[in-house]
């Protein structure tokens, strides 16, 4: 009895652990533990968004005027830059004067923004420490940049990853759906029983090939092919991911839509044929409309598979965390991001938790897709009775 | 009259075009399967040798063999099956033989479906959080095996349920008629008849477990470990992860290409054998049960 609850317990445990770890990202500030950002007390800019801090350190914002402050050039300062201002003797043998010197520097440089460890923060600190807000859920979802290890402020915007995932998956389904439907029609309506019993297991075998093998195949065959066909600098693109995912989604789409088509009542088909319709007319006027919800379910499940697929996508899409404009650019999907980055993220840190939050998003999407399929197929079974 | 026949002709022509496309597409998909398989077999067959299968990787994984990866994968399969097979089979028996149709059954079914739909990388995250960190197994065969076990649980449950459903009700009724209890009927009549089919589920799961990469990335897999694991608390190499590593991030990707083809071939062989075996068994026993 307990074992029959095993799957339910597992689902609940997955939800629990995923969300506990993932929620951690929203309780932390996107700045490394024990570090602080400080400006001069005279600085009028009160709040700076994480993305703006990144722009400052990338020197895209160079004047406080741009942030609503005084017309004053921004002076960037990282702890390592201290030697540009003071000699080693002035700092002391063990950097014992470091805090004082930073204090001095901030006091005399009105345009400064300084990033340093708080062990160098003097007791009578003369600068103003910037308030860094915790990461908000809305920022996490709508942020356009994913640089989880950026300094001084980690950029945790999942938008490019969500876009990447959707682009690649939709591309895959656009490729796979017509092909899969054609095969399903052939198997259920045209093929002889013998042919069908020969072809179907072979097509299902496509589902058995491990995803890492698809990734490898994509890497050595499809990626170079795309690179030369479209004359691209790199072949690792969203399109390569879509092609590989389309192949992987085919068995799902074919099996489910074929099942649905074979459920079309014989009497319906025969009535259509008796009225003088050709076999093809019967298929597209009777069989396809009748099995529409089954076909939809197949397509949705196919998308679900594609969204969650990790290894194959990781190996062929190039993994650039930028919002893609065409499928011919490198993209990065949510699962690929988790797979690529979790190994380097320190346990329990902000980056680690952000990746778990990505896992939550992925889980919610696929869970929703499963529910949707359930809904669609339930409607179908009502129709039958 | 002539208009009608031209209409009929058009109808016929349309049908021929459509059917031609469908037939071609279906065979093209099968051809694609053979292209993928043939490609890996042709490129990989030259690499496979006794040394390749029984030796440690050498020289930055560009030479030598993949023995530790094979052993690692076998260990993972073993651990995951020791966990998933009994749990899954018991779950299916309970569901199919004991629980009456109702909302409980519906919920359990739905949860099983949902678990089957969870992406494998999420299993990886979960396994890392629960088994590696919370339970303190560290990166180990135990943690990876359990994670993989959870991943295939829905497969084991589904195939077992199907095999139990395939057992004709007359067997059960005859058993009850002779005065057997529910448990006696289940364990002595239903289970033995369904057993061969249940085994096909086990074999399919073995194929699935051997090929999964994402769940073991952070729970067990070692980048390079030229020794065999000595206990289930050791890290291990594994075939799918090894293939991933040497084809994307090895020390010398070009030089290890041959090794990659060989590894892919070994992996494909394991997966194909398990699938063909399962299919053959299903066919064989499927016929047998029916004629009995």
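Each Cβ is built from the backbone N, Cα and C atoms, and glycine gets one as well.
Annotations in TrEMBL come from automatic prediction, not curation.
In TrEMBL this protein carries:
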{"type": "TRANSMEM", "residues": "A:161-185", "note": "transmembrane segment"}
{"type": "DOMAIN", "residues": "A:162-373", "note": "domain 'ABC transmembrane type-1'"}
{"type": "TRANSMEM", "residues": "A:205-226", "note": "transmembrane segment"}
{"type": "TRANSMEM", "residues": "A:238-256", "note": "transmembrane segment"}
{"type": "TRANSMEM", "residues": "A:287-307", "note": "transmembrane segment"}
{"type": "TRANSMEM", "residues": "A:354-376", "note": "transmembrane segment"}
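Sequence-distant contacts of the transmembrane segment (A:354-376), counting only residues of its own chain at least 6 positions beyond either end whose CB sits under 8 Å from a CB of the stretch, comprise 14-15, 18-19, 21-26, 140, 148, 154, 156, 158, 161-162, 293, 296-297, 300-301, 303-304, 307-308, 334-335, 337-338, 341-342, 345.
A Cβ distance under 8 Å defines the sequence-distant neighbours of the transmembrane segment (A:161-185), meaning residues of its chain 6+ beyond its ends; these are 141, 146, 203, 238-239, 241-250, 253-254, 257-258, 261, 283, 287-288, 295, 298-299, 302-303, 306-307, 313, 317, 321, 323-324, 327, 331-335, 337, 358, 361.
For the transmembrane segment (A:238-256), the residues of the chain that approach it from at least six positions outside its boundaries are 164, 167-169, 171-177, 179-181, 183-184, 187, 203-204, 206-207, 211, 214-215, 217-218, 222-223, 226, 230, 294-295, 297-299, 301-303, 305-306, 309, 312-313, 316-318, 324, 326-331, 333, judged by C-beta separation under 8 angstroms. Outside the transmembrane segment (A:205-226) by six or more residues, the chain places 232, 235-237, 239-241, 243-244, 247-248, 250-252, 309-316, 328 with a CB less than 8 A from a CB of the stretch.
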